[in-house]
């Protein structure tokens, strides 16, 4: 049976660790927080991130990275997008070339505007990378609620290995070779979810959200295709599927942050109240720069940028979006 090491014992990393542990896989969870490590190893819980769960005994938490990595055939990057590069640097010289890196973070690197698999490839060029993505809230995965994701890689053999690793009766995995499309969909949908939350916070209705999600889907496809993704990917699980769940669920950090912003809070206040990383805010800045560079029209991203970084009022920004020049509906 395989051994899987997770870098990060947050909500999603812990949930996937539980899933694998219940399948009989040996799992190590590396984290810096000694309270989290103690809670997992002593109490078989991780109450800091997910309440009311029991962690199997074959899941062990470590503060020492070398111990966590010992014997691992797979390493799962379960850390926020802005620390992916640091995490990979920490892996240098500690893992063999045949260890498969599985990334579950969704976002883009601030400053370089690189996709996360590109960052991983820069730091760990000899290791194959698989992106595991799709509509999946940790709160539901940890409870065994049926969930379906995509394992995407340039190495289809590696994607199939990850598919076999995670598949069980309540966790279905498809494979996909469009890693660009999968990563772009997973990153941009967080911007649209922020905007959907703003609509909810202002008090707009279902009509508004349906329009925003649909036109948001067009933005995702537009920038994704421009960057080399396949059109069909954006209408699958990692595009439309992830967009739907992130824009509608109260588990969504991005939607919750958007609601608070729509109610008049600043981005900083919203992040503090949510209490966890809100990837859509970083993604908004990155994709605003990318769409300018690539010459792609992304009006929802434009408006989100004005609210998040230029101090525009949410209601005024929505008016700007609605009062743009008339045009034909198209992707």
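Including glycine, each Cβ sits where the backbone N, Cα and C put it.
Per Swiss-Prot, the sn-glycerol 3-phosphate site holds 106, 134, 136, 189, 252, 253, 254; the candidate it also names there, chosen from 97, 200, 242, is 242. Binding of NADPH is attributed by Swiss-Prot to 11, 12, 32, 106, 253, 277, 279, and within the candidate set 61, 138, 221, 304 the record adds 138 to that site. In this structure, the C-alpha atom of residue 252 (sn-glycerol 3-phosphate binding site) lies 13 angstrom from that of residue 106 (NADPH binding site). Residue 138 (NADPH binding site) is surrounded by 21 other CB atoms, counting those within 10 A of its CB over all protein chains shown.
If you compare Cα positions, residue 136 (sn-glycerol 3-phosphate binding site) sits closest to 12 out of the binding-site residues 12, 32, 106. Around residue 11 (NADPH binding site), the same-chain residues at least 6 positions away in sequence with a Cβ under 8 Å from its Cβ are 49, 50, 138, 139, 142, 276.
Looking only at Cα atoms, residue 134 (sn-glycerol 3-phosphate binding site) sits nearest to 12 among the binding-site residues 12, 32, 253, 277, 279. A straight line from the CA of residue 279 (NADPH binding site) to the CA of residue 254 (sn-glycerol 3-phosphate binding site) spans 7 Å. When the binding-site residues 32, 252, 254 are scored by other C-beta atoms within 10 Å, 254 scores highest.
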